[in-house]
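Reading through the structure tokens given below for one structure.
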């Protein structure tokens, strides 16, 4: 049965020019189901500072992220499982890559080119995070290598025409790179044989105390402080569907423009039945606020000039398809007790802040730990949700609700997300 599984491949200098500088020793853990008929693989990448990330080819998921605190203590700070059964039934999307459409799509359909496209409905009468299969419930093909930027894992898959109702064969690559600047860079690229909307994100749950702090009886993320570089957030209806209106954060629990204890915000939202008492909101990133704090630049993975060349091979003429591009800082999270600081940067217009409001102990993670409400924090960089339906309506829709469509005559899609890890002394004061 193992011979039928997608092979582990190591990209070497012999296949590519330019960016690839060495062939690392592959460190791959194979996960089996109870009947040993299915397998998934977990790839390990490290940097020179001792940081370590593990990425699973099932769901293209981040399952482990070990970072130091101000005292040099390393902890795994992402809520996730490394058991195949839990990865296959990952209803909380722990660590997973999300697509084709992140967030909620009203009515499980959207208009496109004069027709209505009907999608699989997995959230009442709506679709959530791409449907029943989506990117999160798919076995991807994995490749591991080392570039000038650091060790990386490439995950590729072709999502067939009609899956979850979406049109066209969509070719997707997700690259995770761990750099010596202590950044985990995630670049998602896609193209499609037919016109199709796309909006992807990464759904990792972070807890800067360590993933064990997401279990029952622990403090969860309440001791964390958060800052979001945004003046406006997306209004939603009772089903959490975007209405097309953007609201000002002034005077609300969503005003996170200054570093704010999550405990304070969660208390203010405790009676919000729609979000189950926590943050589950999309914020529009304010470019001026963000640019005041400086931004990193990251390179795109190698792209081939010929459309027929698989993305796991590099073009002979060029190793970089897109030049370095500055990103915007979306948010930062700080835990005073150990000095850990997490910053997220992106080229996407919005960040969805979710505080694990619906975690209920049924999500089992590493070490058989059960994760509970407010156990982890998601920082989902993405486009604004439900845009196709809103643009087709007669309602006044804020111009920030733009859409991205890929197709045979359209530009390839590229999303960039950077999680930057550091540790600072609390003596420096609150961030």
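Using the three backbone atoms N, Cα and C, a Cβ is placed for every residue, glycine included.
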- Note on the structure: In TrEMBL, of the candidate ranges 246-269, 270-293, 294-317, the one given as region 'Disordered' runs 294-317
- For residue 280 (beta-D-galactose binding site), what is the tally of other C-beta atoms lying within 10 angstroms of its C-beta? 20
- Relative to the Cβ position of residue 203 (beta-D-galactose binding site), how many further Cβ atoms are located within 10 Å? 24
- Would you mind pulling the longest C-alpha to C-alpha span across 203, 204, 205, 280, which the record has binding beta-D-galactose, in angstrom? 14
- Listed in sequence order, the residues of the same chain lying six or more positions from residue 204 (beta-D-galactose binding site) whose CB sits under 8 Å from its CB are 62, 65, 78, 79, 80, 94, 95, 378, 379, 419
- Query: Over all shown protein chains, what is the count of other CB atoms within 10 A of the CB belonging to residue 205 (beta-D-galactose binding site)?
  - Reply: 28
- Query: Which chain neighbours of the beta-D-galactose site, leaving out 203, 204, 205, 280, have a Cβ atom within 8 Å of the mean position of the site's Cβ atoms?
  - Reply: 92, 93, 94, 354, 356, 376, 377, 378, 379, 380
